[in-house]
Amino acid sequence: MLLSTRDLTKTFPGTRALDGVSFDLKAGEVHALLGENGAGKSTLIKCLTGAYHRDSGDILFEGQPIFPQSTLEAQAIGIGTVYQEVNLLPNLTVAENLTLGHQPRRFGLIRPRAMHAQAEAMLAGYGLEVDVRRPLGYYSVAVQQIVAIARAVHLSGRVLILDEPTASLDAREVRMLFDVIRDLRARGLGIIFISHFLDQVYEISDRLTILRNGRHIATRAAADVDRMQLITLMLGHELQQDAATRQRPAVQAEGAIKFAGTGRRGRIAPFDLTVHKGEVVGMAGLLGSGRTESAEVMFGAAPTDSGTVTDSDGPVDLRNPRAAIAAGFAFAPEDRKTDGIIADLSVRENIILALQARRGWARPIPQAEQVRMADDYIARLDIRTPDAEKPVGLLSGGNQQKVILARWLATNPRFLILDEPTRGIDVGAHAEILRLIEDVVAEGMSILVISSELDELVAVSHRVIVVRDRRHVSELTGDDVTTDTIVRAIASADDMPGAGA
Amino acid sequence: MSIRALPLYATIAIFLLAYLICYIQFPAMLSTRVIGNLLTDNAYLGIVAVGMTVVIISGGIDLSVGSVIAFSGVFIAVVLRETDMHPMLAFALLLAITTAFGAAMGGMIHLLAMPPFIVTLAGMFLARGAAYMLSIDSVPIVDPFYEMMQRAYYLMPGRGRLTLLGMIMVAAVVIGMIVLHRTRFGTNVYALGGGEATARLMGVAVGRTTVAVYAFSGFMAGLAGIVFSVYTSAGYPLATVGVELSAIAAVVIGGTLLTGGNGYMFGTLIGVLTMGLIQTYIVFDGSLSSWWTKIVIGALLLMFILLQKGLLRLRVSP
Amino acid sequence: QTIGFSQIGSESGWRAAETTVTMQEAERRGIDLRFSDAQQRQENQIAAIKSFIAQGVDAILVAPVVATGWDSVLEEAAEAEIPVVLLDRMVDSAPELYLTAVGSDLVHEGRVAGEWLVEAVDGAECRVVELQGTTGSSPAIDRKNGFEQGIADADNIEIVRSQTGDFTRTRGKEVMESFLQAENGGADICALYAHNDDMAVGAIQAIKEAGLNPGEDILVVSIDAVPDIFQALAAGEANATVELTPNMAGPAFDALEAYFADGTMPEKFIQTESKLYTQSDDPAGEYEARKDLGY
Amino acid sequence: MSGVLRRVAPQLLTLAAVIALVSIYFPMFYEVVYVNDRLVGIPIDVVKRGAPVALLAIGMTLVIATRGIDLSVGAVMAICGASAAWAIDQGFGMWAALGIAGASGLICGLWNGLLVAVFGIQPIVATLILMVAGRGVAQLITGGTILTFDHDGFSYLGSGTLLGVPVPAVIWVLTGIGFGLLVRRTALGLLVESIGINLRASTLTGINSRVLLIAVYMGSGFCAALAGIIATADIRGADANNAGLWLELDAILAVVIGGNSLLGGRFSILASLLGAMIIQTINTGILLAGFPSEFNLVIKAVLVIIILVLQSPRLLPQLAVLMPRRQSSPQKTKTEEGT
Ligand SMILES: Nc1ncnc2c1ncn2[C@@H]1O[C@H](COP(=O)(O)OP(=O)(O)OP(=O)(O)O)[C@@H](O)[C@H]1O
Ligand SMILES: Nc1ncnc2c1ncn2[C@@H]1O[C@H](COP(=O)(O)OP(=O)(O)OP(=O)(O)O)[C@@H](O)[C@H]1O
Ligand SMILES: [Mg+2]
Ligand SMILES: [Mg+2]
């Protein structure tokens, strides 16, 4: 065994994140770690790499017990890790991020040129066009993720750990990553791979370990479990399969919101878009194509500098998010850590925050009402938290996403913009969120969904807008909404006929 | 690289512009005398600002430096008065003390997870208090070695003096540049300023770096104390009150963000010279009452910062 | 004539008055006075003097914040042949580095205050509390020493408490309150000695608020002779003050004039009078005479 | 209520410890007597003398909760004191003086708030500007002198008593209660904490963070104005140079001793006020103890360091474990969670 744990236990106040977990990683295998949000996957790897100190249990590296006190020690024995959220430093250059801690030196001084060459070499093979001298923060989340992977791969002499590395990557980049992983596996590394995309799990993994509520449930060869069994192992029950049957209520004609020539210089070309009441509009495109920018413009987070927005009552004021919220808009952003959650506030406070902001400071929501709302949404969205008073920053990623959804649902908006709402969310919650979208749409809410998962878009959208190079290049409706057509629209060099750009 | 350096360019441009304006009003401002004075008079500030830059880039702040300078002067003066130690030995002893003092503050910040602002504020009280306990009176330093250091200057054409003290400051800046931009420690400092948790996950030895950062600042404050004691050939427990704020202002004018993770050592030198320029301009003008002096310093400070922000916005937006 | 004046700051009313008087004197004599405020920092003063030299002024007045550390800048001025006159505080540099110094003897001021107290209590037991100036400043040190010399021979007088009041009214009042608390509500205190009038004025308020009569229950003696203390003297709430005149510039300009005219070297130390004022010295009149001097 | 008590327990314990320490040197500490219609005693002195720092700490708590800091409060005190004294001197009367002083404080706060919220200048730097220039402004008003006045109504605010209690103490307690109610009985407290933790996310949630930030700095300016009024009324004169000198540091210290994080977010005004009283007890204790002045700073520094170390986030949990009252074993938490 390359790396194994015996009876690993880790407790946080109010939560037992790991409960006697035993786990083995062999050399030359890709071992997927699976489980619902909050199952303890990230906690397990953080204990393995010394980022957390375990309460009890053993960690063995090649049969020898190790006691990593810091990630530095883990790196020293050849464990490279990509942690769940992009964990590099945006203020350092790409090269500095890649080489931090092992910069080439002469007489104790860093040699910048050699450092840049080394960084470029580390990035070769990922098909990235970046200037390693630029600050990392200049690049998109996807680029940052790849840089993080490149760094971890470089550091991984023996073990590579990837905690949801693909959440913000598109298909092409995932393919490239998998090529790298296969290559490393062939060279005898042990690789731990965490993902909520079961397709990817089946594509790359040799074995699977399933955690639930901090406990080890099963370890199987990937070939021995089928998808349904796997999901049942993860959830502890079968997945209700009603989301697959697509029966959407027809969109309503009145109450549409019309964007005409809306745009912002340098961010997104002016576009026209009409969102009907009770309609789900999907938005597809490659990373960096301008989907988030579209959403920000539509929510007033990046105010428009052209065009008009109207509804049946006349012009809609979208000067800033506050105005947009007053007009009944809502926006669950892509980067929940920096744009979404208020980490130190409790789940309850995070849920009521948008509603409270809209009511104004002078009319506080009564405590009892707050508790009722929080409990209600915790139950409805199945948010895994010991209680409503836990700081939201301590929840697992998927549950944080649900809290943000709850925050916006609490304001009962008429137009809800969801930017990558299911990123990092487990299969169970994924299905729940899709069901939720159907529910609120049935009540007449309009929704714009931005997602890199085309299956998901196809499953929920009435209509899909395809974005490329910061322009809305085409619009697919009705039976045209299939993964195939979307992929083609994204890839095609010229605009499809009937494009609404 | 160039994007990160924009604030630095803006700072340099504003400084040159300001100098030009001063020159037009008072041609004597461009004499070697004034330039020499600018370096010498701000030597202690420049040195302490080098340490402060490192601290601020690491995401911290060091309020103790002004008191440490005062302590250093008193310590050296008392040691030289009471013993017949050679000044160089006293310097070494002092630098060991101030470095250890800085390291102790860094250790507290790291081990007890206490905010730097507060730890160094306590350090500021402690160092000043220690200076009082050594002597409440100002203690003159009479020592041939000191006289030698004071007289060590190169007379530039135009009777300007390029002094040893000024050169020590320039050397400190150069060392600071090398440490910050060309060592692993320097990159770790930037990493720490970018985000401590992330830096830790990336394998930066956060504790060691924090201690080293404040030790470096303590060392520089000690060095500034030595320079200051040469400058005034005395130790005075009431000296350099509020210098920490001047140093912070100089670092900020130099384009370093107080939030940490961004900035350049060279910018700090420009910031220090800018502060010196403001001071010189006010003296040359000579018509400001005590209160207008304060208001004008504040207003010029504000102007520099707003200009810098404006320039950056202009450059970034298109 | 252009003369540079490097002032310490404006930390007290007395110093503000000194600045005003200096400016008035300069104007009266048609001197172009370049004023620089050092905000209480010696390094600023040194830099200012150097800038004056670079500017090429005809003479420099300095009110040095501290005695030490002026050698090299004074040498620089001497090299540039610019005469320097010290105002109200001394430096410990070689006398040939400056033309003259105008000032009062701080130790002497303290001694005058002490001697007044010895006389006033006339042999009776007296427990004195002392409000010191800013710790480490030369007036605080010298006025303390002087007072102690003044009462050295009187065994009946004893300083029982001594704390810094930072030369300010607020702190003077606060510290006096704690003295009163600590000394049996003030019943055990016979006299107060304050290093400046501002602290005395604050302390007088504290004494009144504690239900005692300043000037009677507790004798009050202080130094500076600012207008407000004369009001207190007139009201019988203070007993004595030692004058420190803010007109240091007048004698300084006189000396400079003589020097420029025919190279007359003035005395190295021009001492101003440290006059003692008590309740019997027409305090109301003195107040009127001073109140517009910019104190 | 028990939540509040648990929050301020460390501060209460510290205060008790400091009082105990002082009373070793000064056993009469607890003696409070009623003479001449006023309470007299050291605790009374502490609550009276602590008024400026307590008032500043109230505003500072809010500013720090937004992840800012206000270095200008000392200078703002001087400005407001000076304008009040000027108004009295001009014979505008008490209420006009109070109005002018309060308005000056609000304007100073507005200035800081604009620099921070609109121009995006970092709080330390933005308020440093007013810290430097503010004293100049104050001296401009007083003309560099100590502007004295004789007005019994106004002096009452500094040295009067209400039912035996010094008026400054009444003012800070009422202000503390007022601000406490304002932030906790409305949603302001939550919104302030929110922008302090994550400004960007809060703005996206629809909080008017710009206006809120400005309001918070204005609140701090207002508290500084009250402190300035008290300081001026106390000595019946405005001392532009020394009023509130370095008090910003004591105020920040009070907020931190109150267990509030300098990184913004959760805050407790009550705890900050206790912090201010801890500091004032130390200050008064030093005066009473009768050490030579040159020891003052070292004693204060050492006490503050000890307090901060004992309250530090790393040590506090450990100390809690040492106390036998509630060992939080994992098992127990588990069952609690289950029920
Ligand atoms: N620092 C922390 N403090 C307190 N609780 C924590 C902390 N980190 C994680 N937890 C809790 O531990 C449990 C496991 O979290 P973990 O992040 O390991 O889940 P995960 O399996 O990685 O979930 P996801 O798929 O959403 O990433 C969760 O209940 C979470 O709330
Ligand atoms: N692979 C890449 N190489 C270089 N730059 C990129 C790459 N991907 C994105 N960028 C740049 O990153 C910036 C922001 O990307 P961001 O992900 O925010 O765009 P987006 O339209 O929101 O993407 P998404 O469609 O994933 O939401 C853009 O300026 C884009 O040009
Ligand atoms: Mg995880
Ligand atoms: Mg996006």
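Note that Cβ sites are derived from N, Cα and C of the backbone, with glycine treated the same way.
Just so you know, TrEMBL annotations never went through curation; they're auto-generated.
Annotated in TrEMBL:
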type: TRANSMEM; residues: B:6-26; note: transmembrane segment
type: TRANSMEM; residues: B:38-57; note: transmembrane segment
type: TRANSMEM; residues: B:63-81; note: transmembrane segment
type: TRANSMEM; residues: B:88-111; note: transmembrane segment
type: TRANSMEM; residues: B:117-142; note: transmembrane segment
type: TRANSMEM; residues: B:162-180; note: transmembrane segment
type: TRANSMEM; residues: B:211-231; note: transmembrane segment
type: TRANSMEM; residues: B:238-258; note: transmembrane segment
type: TRANSMEM; residues: B:264-284; note: transmembrane segment
type: TRANSMEM; residues: B:291-312; note: transmembrane segment
Stretch contact, the transmembrane segment (B:117-142) with the transmembrane segment (B:291-312), Cβ-Cβ under 8 Å, 3+ pairs: no
Close approaches to the transmembrane segment (B:264-284) from elsewhere in its chain (Cβ under 8 angstroms; 6 or more beyond its ends): 5, 7-8, 11-12, 14-15, 18-19, 22, 25-26, 28-29, 34, 37-38, 41-42, 45-46, 49-50, 52-53, 170, 173, 176-177, 180-181, 246, 249-256, 293, 296-297, 300-301, 304
Stretch with greatest number of CB pairs under 8 Å, the transmembrane segment (B:63-81) reference, B:38-57, B:88-111, B:211-231, B:238-258 candidates: B:211-231
Stretch in B:88-111, B:211-231, B:291-312 most in contact with the transmembrane segment (B:38-57), if contact is a CB pair under 8 A: B:211-231
Which of B:6-26, B:211-231, B:238-258, B:291-312 contacts the transmembrane segment (B:88-111) most, counting Cβ pairs under 8 Å: B:211-231
For the transmembrane segment (B:291-312), sequence-distant contacts whose Cβ falls under 8 Å of one of its Cβ atoms, 6 or more beyond its ends: 6-7, 10-11, 13-14, 18, 249, 252-253, 255, 274, 278, 282
